[in-house]
Amino acid sequence: MSGDGEESQSDMSKEADSEAGGPNWRGCSIDEIYRNLSPFELDHVAPVKPSENHTVLYHCPIKEDDNAAPKPLKGHPKWDAHHVRLPCSEKSQYPVVADDGSSTIENRWEMIEKALLRPINTSQELQTAILSYNTKYKDQWEFRALHKLFGEELDETEAETFFEELLPRIIRLALRLPELVQAPIPLLKQGKCQALTLSQEQVSCLLANAFLCTFPRRNTMKKKSEYSTFPDINFNRLFQSTEARVMEKIKCICHYFRRVCPKEQDRSNVPTGCVTFERRFMHHSEMPNWSECLIPLGVTPLHITSDGTIEDQGFGLLQVDFANKYLGGGVLSTGCVQEEIRFVICPELLISKLFTEVLRPTEALVMVGCERYSNYTGYARSFHWDSNHQDCTPRDNSRRRMTHIVAIDALAFMESNHQYREELMLRELNKAYVGFFHSLSTPAPGVASGNWGCGAFGGEATLKALLQLMVCTVTSRPLVYFTFGNIELRDQVHKMHTYFIENNVLVKDLWNVLRKFYGHQLETKELYRYLYTELNRLKHSLPDVSATTSTRRELEHRQNTYLHNGASLTSDSETEAVLIAAANKVSEQLATKTERVKSNDKDDENEYSSRAGAGPLAKPKFKQRTLLEMLDKAYTQNGPVTKKPCTTSRLEMNIN
């Protein structure tokens, strides 16, 4: 189960909005999100360049023609705790028990080849073949989904086509593993900034092995097992459920293989691009001081819409994956919400599960270049594979599709009011900051997001929208927010953002008010009503000279940034004038008032003074870690998560 968004409302709500007149979006235009440039004109990341912290599994630079896959890089095989244990390794061995009870140790890859090269004409024979090199699970695995799909769902001709044509192609591709992956694959572990780039052909080969359940030591869920802090990768769990959505996911994956597996005499369909997976880790000391941030929220362009989806309308933007901390969540079981759907329509994302350790609170995974292969309808239980998707996204100079996805996992709340605790809101802010962070010298592309962690994880979209807006403001990124049919949320957030513009609300203003809401929930249960009241109260208190001067300078600087190449700051020039007028108004107040307005609440004033200059971790660390670890247990997979020492600073890293 992923930290999913909410399901779309009925078409009636959309029709009602259309009949009321006007578009289904609010805020600035989408052209302003792109700064009046083409959607793919701004850079997200640097070109691929091998380094100590960036492993490239093919020869780089690529010398082959664009219509040929990159040549695999040769390396020394490794069979250790820091690299993926490949099934084709000579050290991959498996105990075999003979009929007379005697036991021998055999090379597992030879067992795999022997099993898969025999004729396989039914789902039962496929199950038998897979269990022959997974004998430990012969009494546990029952591939009910495959039996139902090929025995009941598909007609006889379709089933025959799979076993006579597609499955042999999948097997041939899987057995090319020693040829296509000749260098060790590093595990992207906790506490390290590290990247991995593979060719799409290499990814397809690894996924074919996952489909056939060949990866060793990846089947147990025991807490003390070697890969207990990694997602599952073999497809055995997916094959066992008979739910309709599971069979639809299998259709998506089979369609992917139909697209990428070469035919016996024709390799023209083999993908020739590349994909990068970058694990980001940041120390708490690198996080912004949210309580002292003087950037106006109004400088961040916001386009909020009740129509569309991140994957369909977020092209050219940093697209947010509402992730589980175990990448992919329940994609290889019954889960079928935002993250799981994205992973099956873009199956190359699935390979991240092979090497990405569970994400910690200040970590994210950026995935660049994954191609989309399927269209779909529905959501969750109503999900259905629909048709082929032809991905026309252009490639960068490193042959990667210019699709940039960031996986950030939200907290799961058993009680919804807990999410307003200061330390937990801080965790979400910092998590999003790690994902949205960039070190670009050019303007950063915008973020395409939505109701992050607001489905099964119990998050409130009204809060998550504001937290993501704060992070976009600090990272100088425009925000496109998809409410997935929720018109009321669209208008609420737009109204709040307009209030921020008209009243020159700073990041620190919103944060200092937000963090007090938890103690006022019994008095004011509605977050936005509380924010309007408290921010209005704050507006009438006069900021000090230094803060106002810094604010004006920051406003002017950020305006210049967002006006890059002629793009306007907001949807019309009048709103831009409001921002400047708001800053001028503050200066006028400073000139006419000589004394600060004294606070009626001395306790709050003393608390504010005591926090001045303190970082976002001013509260005791022990309390925060305890609460976060408690909430971590709400995820669908539980395992001992040991904190790894940071061996590489983000600033020392050279992810190219």
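Glycine is no exception: its Cβ is also placed from the backbone N, Cα and C atoms.
Keep in mind that this is a model prediction, so the values were computed, not measured.
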Check your understanding: Among 378-401, 594-617, where does TrEMBL put the label region 'Disordered'?
Key -> 594-617
Check your understanding: region 'Disordered' per TrEMBL sits at which of 1-25, 51-75?
Key -> 1-25
Review point. To the nearest whole angstrom, what is the C-alpha distance linking Glu339 (active site) and Asp321 (active site)?
Key: 6
Check your understanding: How many other Cβ atoms are found within 10 Å of the Cβ atom of Tyr379 (substrate binding site), counting all protein chains shown?
Key -> 21
**Study point:** Cβ neighbours within the same chain of Asp321 (active site) - under 8 Å, at least six residues apart
**Key:** Gln338, Glu339, Arg342, Leu349, Met367, Ile405, Val406, Ala407, Ile408
Check your understanding: How many whole Å apart are the CA atoms of Asn324 (substrate binding site) and Glu340 (active site)?
Key -> 10
Revision key, fill the gap. For the domain 'PARG helical' (154-279), the DSSP helix/strand/coil residue counts are 55 helix, 16 strand, 55 coil
Exercise for review: Express the distance between the Cα positions of Glu340 (active site) and Tyr379 (substrate binding site) as a whole number of Å.
Suggested key: 10
